[in-house]
Amino acid sequence: VTRLFDNGGTVFFAIFMAIWATVFLEFWKRRRAELTYDWDLIDWEEEEEELRPQFEAKYSRVERVNPISGKPEPFQPFSDKLSRLMVSVSGIFFMISLVLTAVFAVVVFRLIAMEKFASFNWDFIQKNWQFATSGTGVCINFMIIMSLNVVYEKVAYLLTNLEHPRTESEWENSFALKMFLFQFVNLNSSTFYIAFFLGRFAGRPGSYNKLFNRWRLEECHPSGCLIDLCLQMGVIMFFKQIWNNFMELGYPLLQNWWSRRKMKKGGSGGQNVENKTQLPQWDKDWNLQPMNAHGLVDEYLEMVLQFGFTTIFVAAFPLAPLLALLNNIIEIRLDAYKFVTQWRRPMPARATDIGIWHGILEGIGVLAVITNAFVIAITSDYIPRFVYAFKYGPCVDKGPHHADECLQGYMNSSLSVFDMWELKNSSQFRYCRYRDYRAPPWSLAPYEFTLQFWHVLAARLAFIIVFEHLVFGIKSFIAYLIPDIPKDLCDRMRREKYLMQEMMYEAELEHLQKERKKNGRRYHHEWP
């Protein structure tokens, strides 16, 4: 199963997804420019946005002249803004540390579960104790993630209000950034642990590292850590999409059903209404659920987190783009049904772009390149197989051969030898094998890293550098080739600007002619 996505094609697929992310964002810029033009928001500035009532009430005693409008307005002193920002940042770091604590608790649970499952009475569990440990750990981690998300939303709301943003767009950007940081760390911290830390510090037979001198650190599956990472990504992404769809549609349906039930019993106004069709349409609309106080932040957050899932660890879970596509096909119809039938009509607001979300998407695109480079180089077995095929395999100095022929003996090369008699074990087998590049016990330096280990390590570092520079170069070149504004839209904007200048010229010319006629002078179509 690991071989399906741990192969040479994974490298090209990761490069393709990185390029796709860049193309997606560049074409979104073009689409944003068209929408801004169609809605006549090209020249709309955020300075035209009204101040938040909370900001005006808090700083009404301190005023300064707005350099744009020239009118006095409430002003937040820099010292006050800095102190509130420091408190907010401290709260963010505290909540992120809480996430890391939860991840550590899940790690401890996996160590305890590993010990219990390995000595389980049921043979099926005992033989597959690693999958049982990973499966239960992922499920418990998912429940912790969903529980902490509720807490994070309330904390982000409190911290954002503490900062007292000046306008509504500043409030939304600040709140969105906190929600993204909280949920991104909450969703991906355990995934980063499995990808880059699981099994790296477990030790070797005869010298295992233990947590609190009690539990042996967990190791990856014998087929590699990529299968554990794939399981983690698949479970979290699948169940989170189901939960989000239920909360977006199922929860409003239940709330509206409950409100209609109360109305029929006369609980909403003392009137016993037998049939809901007797109510006028405005009453039916009023009894729908109001749009949440955060506006479209939840909708954007869901899509941005999904964008992260489909790009950051796509080398370990290639099915993520397919799951995201299927989810979005369903999501479009669910959102349409929810906005039309379950929610009240939201209040419109002007905006020239999606705010801070675009910067977050670009940051995810950069992080995805780095993460996939490390996943392919460190987590997968692509580099060890590559080094073996060209340095230690049967095809060395024999010209081009089929890839499978060059990998004959790879498994034996990737296993080291341990002498069981060193543990004073009465086993009938003296030697056991384990995955590592260490010298055998009969060598001059037993259990030290072999030269092959250093060759693999150097190849991994070289791959990371080459992959990152190559992909970043391609991304930058594509971003340069694709203009942010379509050419036809540029021509229309320039045409409008030209016509406006002509109208101003004709109006001024007509005004001057009238003035000179009054004064008895002729005008010969020259500028004054």
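Backbone N, Cα and C define each Cβ position, glycine as well.
The annotation domain 'Anoctamin transmembrane' is assigned in TrEMBL to 4-496. Look at TrEMBL and you will find 7-28, 85-109, 129-152, 180-203, 304-326, 354-378, 453-472 tagged as transmembrane segment.
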With a cut-off of 8 Å between Cβ atoms, can you find at least three pairs linking the transmembrane segment (85-109) to the transmembrane segment (354-378)? Only pairs 6 or more residues apart in sequence count.
no
Mind pulling out the one from 7-28, 180-203, 304-326 with the most Cβ pairs under 8 angstroms to the transmembrane segment (453-472)?
7-28
Same chain, outside the transmembrane segment (180-203) by at least 6, Cβ under 8 Å from its Cβ: which residues?
92, 95-96, 99-100, 103, 106-107, 141, 145, 148-149, 152, 155-156, 209, 216-220, 225, 228-229, 232-233, 236, 240, 301, 304-305, 308-309, 312-313, 316, 360, 371, 374-375, 378-379
